[in-house]
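> Here it is: the structure, laid out below.
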Ligand SMILES: NC(=O)c1ccc[n+]([C@@H]2O[C@H](COP(=O)([O-])OP(=O)(O)OC[C@H]3O[C@@H](n4cnc5c(N)ncnc54)[C@H](O)[C@@H]3O)[C@@H](O)[C@H]2O)c1
Ligand SMILES: O=C(O)C(=O)C[C@@H](O)[C@H](O)[C@H](O)COP(=O)(O)O
Ligand SMILES: [Zn+2]
């Protein structure tokens, strides 16, 4: 992590296709920073119908001022998880075709994780792969989805079942846009922030506890510090294991349960961060049931998530057997059965294979 200018934090992601995450207020107005990432003369700003009216003209104006010759097109999805589908993926591809996008064209993913995942997948598929620059506008997208190159859309059968690994060309996180983020979405992002503490950085949980009020009040310094520390963790993990052959799976802590909840609710109930919050509590409970961790750690995790206003219990009416059926399609599952990310204590998570379904059901029902 480094700072090239006051208030600007940079995190490098090494690997076969290295890129930089830049974190600073005002980046969406920085035509030079945006234009530097667009190699050719064509760009598609892909957004959603909440974010586009707020920020698309700013991005387009800054880019046009820096690169008047650019051919710029816009495409906006309906906001929300229910648009992360093959249908809207197809519409995004249509927008690239209408632009006549060549191999050096660029997709600018301006939005939260839904936009980032779908735009990244469209960029991965168009002509077998064009540049995607991530311009995350939610806390969750800044700390997690914009980094690491997992792109996907959902199916009714399960989350992110169709996708590709396609690292971004760059990530420009303009923390100033968090000012317009609804409180529920701020809290959702905090769930993924807590995840880093849970899996690899116990002192971060202490820091989050100490700065909870500042984070919830959207204090600029506290938010920038949380984004930077989260990105540093994600960058370190994905550069060592870009394709999830090993330790990257730790980033899935709480997700086997969380994704099952989202799928069972038809992508219209808990949002991703909320589902992950419940999922982490269940993963901690599973770890306890298996005798791997102590109840005190689970209690502490629950207390922090509750402090952040996140749900910590399964929504009423969800059937444990139906959730289990969704988990069988989880991407971590193997011939031997379900695999979970469990923890031994705060800051120390690991992968556990062949977890008996009866134990999972017990955790769901407890
Ligand atoms: N690829 C990855 O590694 C990865 C990691 C984590 C999550 N995800 C995916 O990310 C998605 C969740 O992302 P999300 O939580 O950002 O949800 P989202 O993209 O649906 O955004 C949440 C809401 O906030 C609105 N919004 C976005 N930015 C705003 C702003 N600055 N001001 C006002 N409103 C704004 C959006 O229009 C939307 O209504 C899920 O599909 C999840 O699977 C992917
Ligand atoms: O980057 C990763 O790896 C993650 O697992 C990050 C998760 O927060 C994210 O929700 C991811 O999309 C889940 O991936 P999936 O492979 O379980 O669909
Ligand atoms: Zn996630």
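Going from the start of the chain as shown, residues are counted 1 onward.
From the backbone N, Cα and C atoms, a Cβ is placed for every residue, glycine too.
Those TrEMBL annotations? Automatic predictions, nothing curated.
Owing to the predicted nature of the structure, the values given are computational and were not obtained by experimental measurement.
For reference, TrEMBL lists these features for the protein:
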type	residues	note
DOMAIN	75-187	domain '3-dehydroquinate synthase N-terminal'
BINDING	113, 114, 115, 116, 117, 137, 138, 150, 159	NAD(+) binding site
DOMAIN	189-333	domain '3-dehydroquinate synthase C-terminal'
BINDING	192, 255, 272	Zn(2+) binding site
> When the domain '3-dehydroquinate synthase C-terminal' (189-333) is classified with DSSP, how many of its residues are helical, how many are strand and how many are coil?
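Breakdown, helix to coil: 102 helix, 0 strand, 43 coil.
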> What's the CA to CA span in angstrom from residue 255 (Zn(2+) binding site) over to residue 159 (NAD(+) binding site)?
10
> On the Cα atoms of 113, 114, 115, 116, 117, 137, 138, 150, 159, which are listed as binding NAD(+), what is the maximum pairwise distance in Å?
21
> Which entry in the list of binding-site residues, 113, 115, has its Cβ near the fewest other Cβ atoms, using 10 Å as the limit?
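If we count Cβ atoms within 10 Å for the binding-site residues 113, 115, the smallest count is at 113.
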> Within the domain '3-dehydroquinate synthase N-terminal' (75-187), count helix residues (DSSP H, G, I), strand residues (E, B) and coil residues, in that order.
51 helix, 34 strand, 28 coil
> Rounded to the nearest angstrom, how far is the Cα of residue 159 (NAD(+) binding site) from the Cα of residue 272 (Zn(2+) binding site)?
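If we compare the Cα positions of residue 272 (Zn(2+) binding site) and residue 159 (NAD(+) binding site), the gap is 10 Å.
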> Tell me, roughly as an integer, the mean pLDDT over the domain '3-dehydroquinate synthase N-terminal' (75-187).
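Mean pLDDT, the domain '3-dehydroquinate synthase N-terminal' (75-187): 98.
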> To the nearest Å, how far is the Cα of residue 113 (NAD(+) binding site) from the Cα of residue 192 (Zn(2+) binding site)?
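With distance taken Cα to Cα, residue 192 (Zn(2+) binding site) is 12 Å from residue 113 (NAD(+) binding site).
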> Roughly how many Å separate the Cα of residue 159 (NAD(+) binding site) from that of residue 192 (Zn(2+) binding site), to the nearest whole number?
17
